[in-house]
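Have a look at the structure below, then the notes.
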Amino acid sequence: MNKRLKDGEYMKVRVHELAKKYEIKNKEFLEILKKDIGITVTSHLSNLDEDQVNKIDDYFAKMNMLKVETVEPVKVHKEKKEEKPIRKIMDEDENDEGEGYSQKNNKKTKFQQTKNKKNNNITFEEDGNSHKNKSKKKKGRRTDFVLKTVEATPDVVEEDGIKIIKFRGELTLGDFAEKLGVNSAEIIKKLFLKGQMLTINSPITLSMAEDLAADYDVLIEEEQEVELDFGEKFDLEIEDKVADLKERPPVITIMGHVDHGKTSLLDAIRTTNVVGGEAGGITQKIGAYQVERDGKRITFIDTPGHEAFTDMRARGAQVTDIAILVVAADDGVMPQTVEAISHAKVAKVPIIVAVNKIDKPEANPMKVKQELMEHGLVSAEWGGDVEFVEVSAKQKINLDGLLDTILITAEILELKGNNKKRAKGVVLESRLDPKIGPIADILVQEGTLKIGDVIVAGEVQGKVKALLNDKGERVNNATVSQPVEVIGFNNVPDAGDTMYVIQNEQHAKRIVEEVRKERKIQETTKKTISLESLSDQFKHEDLKELNLILRADSKGSVDALRDSLLKLSNDEVAVSIIQAASGAITESDVKLAEAAGAIIIGYNVRPTTKALKEAEVSKVEIRTSGIIYHITEDIEKALAGMLEPEYREEYLGRIEIKKVFKVSKVGNIAGCIVIDGKVKNDSNIRILRDNVVIYEGKLASLKRFKDDAKEVVAGQECGLGVENFNDIKDGDVVEAFEMVEVKRTLK
């Protein structure tokens with residue numbers, strides 16, 4: 001098999017790699033490719049495919065210049081940077097977990113503390129055998145860490161003499177100049193001559209960096225930042241064994257409009273179906289509870305409304321498996337009903353519709369089904385995929401039917417959980433009790449939570465002192481999908497934070513410190529969700545859909561605004577209306593916008609005070625106007641920024657070649673005079689002979705009086721070299737031009 005094959009795919013080789021293999025200078029090698037082998041490439045950084053490489057190898061084999069070794073794609077050797085290490089934390093061996101806990105790959109992770117107290121960075125060592133290479137331990141307190149500097153990913157690398165700068169996110173002009181190895185004043189001057197006024201602390205874009213780097217023969221490579229979640233970042237996720245995965249209770253959230261009976265339905269289910277058959281009223285201790293039906297448990301989160309889909313989802317926590325949408329049979333679809341549907345769709349959670357209050361004389365379940373069809377919820381009876389269950393919370397009618405539908409839906413979803421591992425969960429609610437201290441309501445999502453476990457949740461750590469179930473009873477452990485009240489945190493954790501069980505308190509302390517630092521950085525670098533930022537994002541990503549939330553002063557205005565904006569969509573870009581309703585812009589709108597990455601548009605309405613505060617914290621843009629045309633104009637500009645750019649040719653000037661000089665190891669250099677316009681050192685050119693185009697490419701060099709020139713104007717003499725072309729003759733005419741980006745419009 002060809003050594004350049006990796007995972008079945010050919011790994012492309014760059015031109016300069018082959019030039020190095022055959023010990024030929026890049027320019028000479030490019031000439032050989034063009035003239036002798038018939039391969040045209042733009043530069044020594046161009047990639048060659050398998051056929052081209054084979055063709056080149058065959059050519060040099062005939063010329064008796066083939067080397068023994070096979071060219072492999074160059075691997076960049078990363079330089080160690082001790083001053084800016086990447087910090088990585090990994091759990092130690094699960095050997096001390098006790099019965100039932102799985103060991104991942106039977107590898108044991110050893111943690112020790114180094115003598116250098118100044119080094120606070122954390123890493124891990126893995127050893128396939130726990131009895132080998134054990135270091136002697138000093139007497140004293142047992143520690144569980146190896147504190148080391150982890151090799152950092154370099155920002156600047158070299159590949160066969162070519163300097164490559166890794167461009168990540170935003171970069172200031174000063175930082176870029178430092179990586180480039182030039183004085184920042186020089187960069188400021190260059191940009192000033194191009195009409196851009198920047199300071200040393202000004203951020204520069206990727207395109208600016210590429211333009212500047214070209215002047216120094218440096219390559220820019222954009223490196224996308226991969227955001228890891230809490231567990232991945234600190235290696236807290238434990239892989240499940242298939243044999244350990246068992247069916248788990250579904251987690252349910254009840255949503256709907258005010259006064260449609262959400263709370264009544266929760267109370268009715270709780271008092272009718274109690275785990276263990278206990279009857280009578282239950283004093284609920286935590287924000288969730290479990291009921292039992294035919295020996296199977298169902299967990300309900302007692303947060304009626306959208307909290308489970310906004311606050312928690314904004315922090316990355318996916319809590320709910322199924323959403324119950326409560327709609328009153330005598331009232332039909334209302335504004336908050338539509339909001340609830342939007343939140344559930346954004347969270348990609350299946351919906352079961354509970355048509356409540358069917359005991360009322362004016363109940364009309366058919367009307368509810370028809371109205372919900374307009375919002376994409378089609379009853380299974382009518383060929384859709386949404387289950388509708390008619391119930392009465394007040395009269396406790398058909399509650400068992402609702403529970404059966406939940407269990408059937410859960411079976412289809414094939415919900416699995418593993419109790420044989422360290423626990424992971426999510427904070428549903430938290431509070432500070434004056435007598436007990438911090439208390440958190442935790443929903444266990446993985447593993448088994450036990451008394452004595454060391455835990456972390458965001459910036460808070462602790463040790464489980466007591467566990468109380470949904471009936472207020474003390475328990476020794478909690479399994480997957482079980483809600484439990486946890487006492488033992490050293491502070492109050494945030495709702496929505498993920499909780500992990502950690503091997504020991506020292507490790508937990510390190511993780512909390514890292515999370516605190518990470519959150520502080522994220523807070524300062526968090527970008528505002530705005531039309532401008534999204535438009536810029538579209539240029540670098542495949543994202544071609546603009547999410548909007550609409551609010552207007554009346555339903556008629558909502559419809560008019562929606563229709564106007566949807567008309568702006570075309571085959572390349574589209575407007576997606578996440579939610580549209582009448583009334584003021586609310587706090588719930590802002591939370592939904594943050595979760596969906598959307599912009600809020602208001603027509604003749606204003607945001608509430610709470611919405612403004614939430615938007616400021618969440619950095620969500622709210623745009624309001626009293627003229628629909630102004631709104632559509634703004635959105636049209638944003639969509640235009642999503643379109644692929646177009647370029648047009650702009651004529652610069654004409655140059656006549658007076659004399660051609662042959663220079664050894666360089667090739668032919670033309671002595672010229674600019675007869676019209678101007679020529680730049682980075683111009684695209686085409687060479688004309690008897691008014692026929694014989695070559696089109698770029699200049700390799702432009703000189704005036706033996707000095708490099710950036711630009712030569714009409715009437716001046718100059719010398720020039722042509723990239724990848726040597727067949728120039730006296731009397732040839734060179735036409736200089738550049739490609740200018742043309743802003744596209746939707747029209």
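If you go along the chain as it appears here, the first residue is 1 and each next one adds 1.
Glycine too: its Cβ is placed from the backbone N, Cα and C atoms.
Note that the structure is predicted; figures quoted are calculated from it, not measured.
Feature annotation from TrEMBL assigns region 'Disordered' to 78-140.
As annotated by TrEMBL, compositional bias 'Basic and acidic residues' applies to 78-90.
Residues or ranges marked as compositional bias 'Basic residues' in TrEMBL: 105-118 (among others).
The feature compositional bias 'Basic residues' is assigned by TrEMBL to 131-140 (among others).
For 247-414, the entry in TrEMBL reads domain 'Tr-type G'.
Taken from TrEMBL, the feature region 'G-domain' applies to 250-398.
Cβ neighbours of D259 (GTP binding site) (same chain, under 8 Å, six or more residues apart in sequence): A328, D331. Annotation comment: TrEMBL describes 256-263, 302-306, 356-359 as GTP binding site.
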Packing count at I358 (GTP binding site) (other Cβ atoms within 10 Å of its Cβ): 19
Mean of pLDDT values spanning the domain 'Tr-type G' (247-414): 82
